[in-house]
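Engineer: Once you've had a glance at the structure underneath, I'll fire off some questions.
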Amino acid sequence: GGGAMAEGEGLVSVDYEVSGKVQGVFFRKYTQGEAKRLGLVGWVQNTSHGTVQGQIQGPTARVRELQEWLRKIGSPQSRISRAEFSNEKKIAALEHKDFQILK
């Protein structure tokens, strides 16, 4: 890790919510693992209405990779019916230090 991002490598922030069988299947743990593998920061948490939501921040191309993962893959036991993304915006700097699982 470490080192500055290459100039011109734009950072984005995007919120997400994933519906389906995504609670009780280690979805948050796998999402955190995938985000760390891609070098992204943000958070993930279960909601009271049975979905998983959070925020992703990082280089655009890497964020796209995690979006694709959230849409199609998820954790081995999960069944994703829908992944919605909102509030996408360019950011000058990362607003999180790492990728956390929130209670």
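Quick reminder: no glycine exception, Cβ is built from N, Cα and C everywhere.
Where the annotation comes from TrEMBL, it is an automatic prediction and has not been curated.
According to TrEMBL, the domain 'Acylphosphatase-like' annotation covers 13-103. TrEMBL lists ARG28, ASN46 with the feature active site.
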Engineer: Identify, in sequence order, the residues in the chain of ASN46 (active site) that are 6 or more apart from it along the sequence and have a CB within less than 8 Å of its CB; answer 'none' if there are none.
Structural biologist: GLN23, ARG28, VAL52
Engineer: Using all protein chains in view, find how many other C-beta atoms are within 10 Å of the C-beta of ARG28 (active site).
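Structural biologist: Result for ARG28 (active site): 21 other Cβ atoms within 10 Å.
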